[in-house]
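To keep things clear, I will list the structure first and then write my remarks on it.
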Amino acid sequence: MRLSISKLSVVMLALPILASASVLPRTGSTGASCGSTTSGQAQCCNSTQSNTTPLPFPLSVITGLLGIDLGAITGLVGLTCNPITVLGLGGTNCNSQAVCCTGNTFNGLINLGCSPLNVAL
């Protein structure tokens, strides 16, 4: 059986495309850990504030509906946060406040029990 160069080229170009389209299940956590001393996840928050500062209008309503007592929270409250996937590697960029949040998170809208991370991202 004889393969032409064009057929061989098509096969060679198709292999990387098929390999990159393969779906593999994720295992473990999707966020970077804050270090060996805490069980929190590294987050990049648009803003952080003290638990004694009143939240802006829509967030204050949400915390009230969820029954969150901000006075009982230790640490900062992170607002509009996204997980930092890998610390120290290219592609990770946090132009706002990088924090480690050890409390509850509500889909990144509100993260509780946060402390600042002192790393260059």
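All positions are counted from 1 along the displayed chain.
Backbone N, Cα and C define each Cβ position, glycine as well.
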Pick from Cys94, Cys114: the cysteine that Swiss-Prot pairs with Cys101 in a disulfide bond.
Cys114
According to Swiss-Prot, which residue among Cys34, Cys81 is joined to Cys45 by a disulfide bond?
Cys81
State the disulphide partner of Cys44 as given in Swiss-Prot, choosing from Cys34, Cys94.
Cys94
Candidate set Asn46, Asn51, residue annotated N-linked glycosylation site in Swiss-Prot:
Asn46
When the Cα of Cys81 (disulfide bond) is compared with the Cα of each of the recorded positions Cys34, Asn46, Cys94, which one is closest?
Asn46
Do any of Cys34, Asn46, Cys94, Cys100 (recorded positions) have a CA within 10 A of Cys114 (disulfide bond), and if so which?
Cys100
Hey, how far is Cys34 (disulfide bond) from Cys101 (disulfide bond), Cα to Cα, in Å?
8
